[in-house]
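According to Swiss-Prot, the domain 'UmuC' annotation covers 14-198. As annotated by Swiss-Prot, Mg(2+) binding site applies to D18, D116. Per Swiss-Prot, the feature site 'Substrate discrimination' maps to F23; the stated evidence is sequence analysis. The active site feature in Swiss-Prot is assigned to E117; the stated evidence is sequence analysis.
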Amino acid sequence: MLIFPLINDTSRKIIHIDMDAFFAAVEERDNPALKGKPVVIGKDPRETGGRGVVSTCNYEARKYGIHSAMSSKEAYERCPKAIFISGNYEKYRTVGDQIRRIFKRYTDVVEPMSIDEAYLDVTNNKLGIKSAVKIAKLIQHDIWKEVGLTCSAGVSYNKFLAKLASDFEKPHGLTLVLKEDALCFLAKLPIEKFHGVGKKSVEKLHDMGIYTGQDLLAVPEMTLIDHFGRFGFDLYRKARGISNSPVKSDRIRKSIGSERTYAKLLYQETDIKAEISKNAKRVAALLQDHKKLGKTIVLKVRYADFTTLTKRVTLPELTRNAAQIEQVAGDIFDSLSENPAGIRLLGVTMTNLEDKVADISLDL
């Protein structure tokens, strides 16, 4: 007997767009000499004493086993000829904005998951195109023609399957999963490829002898709930291609922040205040992008000895004004006890967010 009823809405048309090695691809586009070479977005460990992590890398670098979140030192050891680029996140944000404008030509129901991926519900799209595959192809064409980058697309009747489909054929692939093909598609997938199933859950499933979607499909719902609690209910439905989570065009954000880690420690107050200013301006720009205002400003400081201090101030009025955010964050820093150790990391975050109110004029 099912603990929770099975409800499967197969009427929707969902596209998941995932840019191919986005940051590295932007760098290759802007510097064609990089094409065909292993490119890593991250600090060069030869210049940082081995510190730093890989933000992302291109497909050439991935051939050496390099991946996101790997230490830059290990990436260099795996591929000494890799080209390390610190990255230009303002440039990437600008390109991401271009791509989102392309999405909006087809539908307003867009849920960005990050700067380089998004879900689109094109069931009722602006152009009246019935085929989601056709829309996905048009988006791929528009992005290539106007932005000079490739993306992979997954098309299906829910977000879970669309995400798996976009990962299935990269780079520049397009995969369609119809409702009649979903079980076959899922059956062949390794369980670690299932979106939303983390490393610890994968290890636990392996301990149970579950390695593929086919294996998962054979497990009774109650057994999964006994082992995983409520998540067992989700696993049971994932194995059957069931997910009714809507594409949310306005994802709820609890905070917006910006922080930087410094290869060279900061000691001088002028340098520290300059970095606080940069972070404050970045936060203000992000608030503007997301049409949000905030009340609570948080400053995070990490010293050379890895001591981390976090302090917040709540304002009487909502704001997204860069100068005000900078002033308050600077005042917070001034209120901290002196620490002779250099600063390794600075971050500014705005919380207590609310949607922009039309009659409040608090722009940059």
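Even glycines carry a Cβ here, placed using N, Cα and C.
Structure with Swiss-Prot features highlighted.
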residue : record                          : DSSP class
D18     : Mg(2+) binding site             : strand
F23     : site 'Substrate discrimination' : helix
D116    : Mg(2+) binding site             : coil
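Least packed by the Cβ count within 10 Å, out of the recorded positions D116, E117, is E117. All protein chains shown were included, and the count of other CB atoms within 10 Å of the CB of D18 (Mg(2+) binding site) stands at 22.
For the pair formed by D116 (Mg(2+) binding site) and F23 (site 'Substrate discrimination'), distance between Cα atoms is given as 9 Å, rounded to the nearest Å. Long-range C-beta contacts of F23 (site 'Substrate discrimination'), restricted to its own chain and to partners at least six residues apart, with a cutoff below 8 Å, comprise I41, S55, T56, G87, Y92, D116. Cα of E117 (active site) to Cα of D18 (Mg(2+) binding site): a span of 4 Å.
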